[in-house]
Amino acid sequence: MEEKDLQSVEYFVKREVLDELCLDEVAQKETWSTKLTLGDQVKEPLRCSVPRLKHILLTWVPVLSWLPRYSIRENALGDLISGCSVGIMHLPQGMAYALLASLRPVYGLYTSLFPVLVYFIFGTSRHISIGTFAVISIMVGSVTERLAPDSNFIVNGTNGTETVDIDKRDAYRVQVACSLTVLTGIFQILLGVVRFGFVVTYLSEPLIRGYTTGSACHVCVSQLKYLFGITPSRFTGPLSLIYVIAATIITHFCELPSKYNIDVVGEIPSGLKAPRAPDTTFFSGVIGDAFAVAIVGFAINISLSKTFGLKYGYKVDSNQELVALGLSNTIGGFFHCYSVTSSLSRSLVQESTGGKTQVAGVISSIIVLITVLKIGPLFEDLPKAVLSTIVFVNLKGMFKQFMDVSLLWKTNKVDLLVWLVTFISTIVLNLDLGLAVSVAFSMLTFIFRTQLPRYSILGNLPGTELYLDTDTYKEAKEIPGIKIFRSSATIYYTNAEMFLEVLQEKTGIEIGKLLSAKKKRDAKQKRRQEKEKKKTKKEAKKQSLSCTFSLKESQMNIETVSERTKGERNGNSVDFSMTETATDGLHKGQMNLAYEPDITMSDSDSATGSDHITEFSRHGDEEKKRACKSGTHSIILDISTTSFVDTVTVKTLKNIFRDFGEVDLDIYLAGCQACVVEQLEAADFFSASIPKSRLFITVHDAVLYIRKKQWKAYFVLGQNVPRTTQRLKC
């Protein structure tokens, strides 16, 4: 009942109609600039002060801002329980995911130790658990297997058989993985320093979920060999998933292995290895893979970080997260770790068991450190099949993402298409090429969405100042003589031409035909005027010859009369033939020839011109009525959805004002954002032909202005004002 009462609240606003010039005056638009000059922008970062140094230090090393205020009473117990729980999870997951990276299990334990400590210092999220992750592990594994395949380490056995030198192969793969990890970290640090954290926004949620689901399938298939205890040939590149599956089936059902020994974890050396610089010679071969791992790892990390940040009300800095993750990878690469990111399963455990800060991560690292130093040998007899089972269990959440298909089918089919293309390309083309294809396809969908916006003709909702799509709202009525056109997307170079085409289609005004008809009328009018001018000249010439002949005849008559007069004088008699001749001469138009052609020409031109102007106006009105079936005299372009304008947009709008103005149609703009007005001013859009008074703050202001202008025109002409004009209130 209360909501119904609130919905029935009415309001009344009384103000003048505001165009852009009036708005600048009423709202007192700032004309000064608050932006720093280029010199000041260069000097500003170089200025040194104690508060500035403190701010920089706390920004780049976030632990210094929250650790001094750490509340032992409120947080210690929760972080302790959470850290122990997550540390216990790190042990099996670290060893299991190391197998995905084609490394020995102990390297998974190293990866669960050092990067967590680095993130504790530089990270901004309080709840995520950094360490090994299935998707990143399988991406690293695809690189290590490609650069260090078994075929490169075959040696001759004692009985003439060929075997693989496992120790040498694994050592080489560790070098590859560490080099890849360091290069990945460098990419992430550079992106964070240049404030490029927004790059992850181009990886939409459907893309990320489709990619992780496809990666889960790769992870699942990669564990079949450990689950069944078989060793099929390795494949990399496109269609590798299909070849693995086929080789596993053939190997298992044909009983190719001669022995059915259970494969176990093997030796886990006690203690930590000394740090070692990565082999930079691998950088050129893994640069593309490193960038892909950097982007995917950051996308997974920032999505989880912001989820927990929103839930618990603290800010997560995406750029600082890039730096923190990059440092975790770079420093970890020196300590025999491979690429890391946050894990959904461990993060949920860390949050649900009471973890409040990254102190829980430090405690989990202590658990892993104790395992590596003291109790690692206890895991040496752990079957790899058990680790594979752990991997399968942790993939449960990813496989649940198949439910996205039914949900996206109901909500957004374009996002569904992105999900399916990402999933299929990841399965078929492997992880690196699959990601590239997925991102490219996602960008294409964005381009198509901006290329195919929704265009609407707006109508007024009676009794309000609201203007709605006439195709959607039945009660929205078009205002006679006025077309209000709106695009749902920003107008820029990719859709500017379509904007003009749909404008003509929606308004029923084909500007090309109107301009062509106008040119034909102008050409026809010009030819008619030239014809009349020639005709007038011809008549004037004929009249001139007639006058010349009459003048000569008059001179002859005068001479004759003179002789007669002279004779009559002598004979005292008078003859009136001169008077009659003179009278006849004047009656025939005998006058000063210097003025006669001009008077004749002026009269002829005046009469002809008047007839042509009337006829031209009549033809123009008929043509206009024929083209504009609804009697449109004004068009309002609602560009409130436009957030920026480029040079193509400015040129398109100028052409619209020019072309429609040539056929006596007035164009108005409405709803421009302040930044768009500034861009239009910078592009010299406004001029004498396009004054700023054609720009109104709302559609309703523009409509009222047009109606007032129309009302004045009717008043001047002495006609009755249309009822629609009388009904429209300010």
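Any Cβ shown, glycine's included, is placed from N, Cα and C.
Noted in TrEMBL for the protein shown:
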type     : residues : note
TRANSMEM : 97-122   : transmembrane segment
TRANSMEM : 176-198  : transmembrane segment
TRANSMEM : 235-254  : transmembrane segment
TRANSMEM : 282-302  : transmembrane segment
TRANSMEM : 359-379  : transmembrane segment
TRANSMEM : 416-448  : transmembrane segment
DOMAIN   : 472-706  : domain 'STAS'
REGION   : 520-544  : region 'Disordered'
COMPBIAS : 520-540  : compositional bias 'Basic residues'
REGION   : 603-624  : region 'Disordered'
COMPBIAS : 612-624  : compositional bias 'Basic and acidic residues'
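Predicted-model confidence for the domain 'STAS' (472-706) is 71, expressed as mean pLDDT. Of the candidate ranges 176-198, 282-302, 359-379, 416-448, 359-379 contributes the most Cβ pairs within a distance under 8 Å of the transmembrane segment (97-122).
In terms of DSSP helix, strand and coil, the region 'Disordered' (520-544) has 25 helix, 0 strand, 0 coil.
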